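Pulled from TrEMBL:
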MOD_RES   A:THR223  FMN phosphoryl threonine
TRANSMEM  A:52-69  transmembrane segment
TRANSMEM  A:101-126  transmembrane segment
TRANSMEM  A:138-168  transmembrane segment
TRANSMEM  A:242-268  transmembrane segment
TRANSMEM  A:275-293  transmembrane segment
TRANSMEM  A:313-331  transmembrane segment
TRANSMEM  A:343-361  transmembrane segment
TRANSMEM  A:367-387  transmembrane segment
Amino acid sequence: MGLKEKLHGIKEDFKGKKMAPAFNALHTFLYTPDETTHSGGHVRAVDDLKRTMNTVIMALIPVLIWGIFNTGYQHYSAVDAAQGVIREASLFGNFFTWDNFIMGAWTVLPLVIISYAVGLGVEFIFAVIKGHEVEEGYLVTGMLVPLIVPVDIPLWMLAVAVIFGVVIGKEVFGGTGMNILNPALTIRAFLFFAYPTWMSGDKVWVHGAKAAEGGADAISGETILGAYAQNSSVVYDFSDKFFGFIPGSIGETSTFLIILGGLFLMFTKIASWRIILSAIVGAAVMGLIFNGVVDQGWIGEGNTFYGLMSTPFWEHLVIGGIAFGIVYMATDPVSGSQTNTGKYWYGFLIGFFSIMIRVFNPAFPEGVFLAILLMNVFAPTIDHYVVQANVKKRMKRLKLKTA
Amino acid sequence: MSKDIKIKRGLDIKLVGEAEHIISDAPRSRTYVIKPSDFHLVTPKMLFKEGATIKAGEPLFYAKKDPSIKFVSPVSGILREIKRGAKRVIVSIVIEADGRDTTVEFPMLDVNTADAATIKERILESGLWPFIKQRPYDVIASTKTEPSAIYISGHNSAPLAPDYNFILQGKEAALQAGFTALSKLTSGRIHLGVAQVANSVFSKLSNVEMHTVVGPHPSGNVGTLINKVSPINKGETVWTITPENLAIIGELFITGKFNSERIISVSGSRVKAPKYYRTKIGAEVSTFAYSAGIEGDNVRMISGNILTGNQVSAEGHLGYYHNEFVAIPEGNDYEFFGWNKPVFNKISSSRALTFSWLFPNKKYDLDTNTNGEHRAFVVTGNYEEVFPLDIYPLQLLKACMVQDLDAMEALGMYEVAPEDFALTEFVCVSKQPHQAIIRKGLDLMHEEIG
């Protein structure tokens, strides 16, 4: 008797029992079920939710791997810098090294494991209690969460945040497909407001910086946005920023890999190109407005906003988490706009507000996650007006006929 | 004189096992069955008891709500059995054919001179009225309302669908009589959608407004034609009828008899010799299925189209409205890592390691596996890619699920039928039963408003 038949037997045993969803969730990972069509059409396309989610995860893997190496790299280069040694980034010279990998994996993988274990645990419990199948929504959220937090966040904090995010952000609304806010961002927002000292400042972005704070061998780990917000000079050149040899949240640093992931998602039709494109346009427009303001001389060099306002608009797209947010989180179909016309507005406003919040809130310079959460709330409103246009057209037609 | 309608959004599902253009006579069926469930929302009132002798074209039962709508026997013989289900609902009516085909005869009627009342009366008493369907609600047309227009699609773009130009060969006169007759029953026009006017059986028709509909499926759906010509407004009623049934109505006026003959396509990857068969409405499936040959036993047999038809067994019978039979493999098997490995042998509307976009002309051998489990709606934007109507499909489906009548009405529920959602159902990542959702929504509206 093969594995397939054995598992089928267990599935039959579980049928109708409380734990059935839990077993089925594991079973369907190994085998797509033997379910056949019962109503309507007799054939179905091959895409299911697992495949959809899996595609997003595939697009996230390169970013995760880069994040692991970069965590190690940033740590060692910060340690060097504290001793006065300045490093020149080189991909195979000092980036893809065994030391970096071990250091990075040792810090990042626990975050991934905690995120998945806690989040899926909550999902399983809810599925068993409510008697429905375990939905795949958390597969992507679970991967996003470790990528958008600072490296040194304590694991218990992450666990608390994940429970909050999944229960309050998703399950209370009815589970996957019903939530209003992006669960991954709900988790980050919770961390951001509950434990602000762990989420911002110049000590959280490099592994070991927080622990070494105040000691003799203190190391710095300021992000570029932080440096701009302080109006201080930035030590990284463009290729560092673009390819990602910079400190930051684990997944956000390499704009290059994020662009590749975004192209893959758009090509596979999993992510909406409408949202991505219009978000980039929106961010560029806001950036250009600020650049124009600076060019006009309305904002002097001494102004608090000068640093970020004078940043060229295209550079805004490369630094910070905006690229990551646009590609992987603004495109969440559940919390985003659901109509094609609405998606243009939704994306544009995310880009627009991201840069605005980034510039005007120098204490917390990362605006993209607040912008996405804000637009999550307004997405149904956007859709409402888009759909109403269709409804009005129908009413007008009726009036013409009856008049 | 034809007008062009171009459809961009849609999907042609190309499947193996298309019927060859050959017509064979199916062996005569011993029994014929009429299933009241084919006539949605009709409660049958029987006119005969078991054991009665019936002529072809003789009414078997009428609709409880409107006794003038009669349903007739396709053959002559003995009413062998009235099968009943739970709460004594009539499930099926079995007629044992005597092979003599004694048919009820009506005097011939010249449709060009006859008036509307006579034509309507003749269609009703001959029991052919059920062939005429109406929208809204996608049910048998009400006898009380006059339709603002009549829509007919002479182009079947569904996968494995029979070719109208082939099955209606030689029926031009009957079609013309049908068109002329129906044109008197509406103050509006009769709109006919065709793939191309030239070389089609419809090319020489008069009394009809011709539209060329170009594009992928559902370009041949009558719902698409209605939406592109003149979408149905609240309070309006339009009629729809399929060309083969229109020809039957036309023949009634020419010959005075109900001709229950059907030329059906027998197709699908599990049919050994896919081709056309000449049979009758309600005939036993085994007569033509086993004549064409069925491969293996793990086979899904479908009376009707692969996207909209009903599952039948070999002992089952051809549905009243159906003119095709399809046999495809059952997909009741597990697939190892079916959700993440690259897929070449199934159709997908995305490119998520699915490669059907690389081979637009490849014909696929799909089985009945759902390729995933039922989930909440998550993905957006993919229905719109295959849905050409000026309606928001996701929003309408959700309105149906929460039974919000106002929203259903505002979003265009009057314009749709379940078959319009066959493609969104096909591509649905969450494997939601779109057609069933729409059917339930329509029924609710019919009950509350209609």
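Note: Cβ is positioned from N, Cα and C throughout, glycine not excepted.
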Closest-packing stretch to the transmembrane segment (A:138-168), where packing means Cβ pairs under 8 Å, from A:52-69, A:101-126, A:343-361: A:101-126
Top partner of the transmembrane segment (A:242-268) among A:52-69, A:101-126, A:275-293, A:367-387 - counted as Cβ pairs under 8 Å: A:52-69
Distal contacts, the transmembrane segment (A:367-387) - CB-CB under 8 A, six or more residues away: 148, 180-182, 185-186, 188-189, 192, 320-322, 324-326, 329-330, 335-339, 341-342, 345-346, 349-359, 361
Other parts of the chain folded back onto the transmembrane segment (A:101-126), taken as Cβ under 8 Å at six or more residues beyond its ends: 21-22, 25, 64, 67-73, 75-76, 134-135, 137-138, 141-143, 145-146, 149, 151-153, 155, 158-159, 162-163, 165-167, 171, 175, 207, 250
Folded-back contacts onto the transmembrane segment (A:275-293), same chain, C-beta under 8 angstroms, at least six residues removed: 262, 266, 299, 308-314, 316-317, 322, 326-327, 330-331, 336-337, 343-356, 359
For A:THR223 (FMN phosphoryl threonine), the number of other Cβ atoms found within 10 Å of its own Cβ: 28
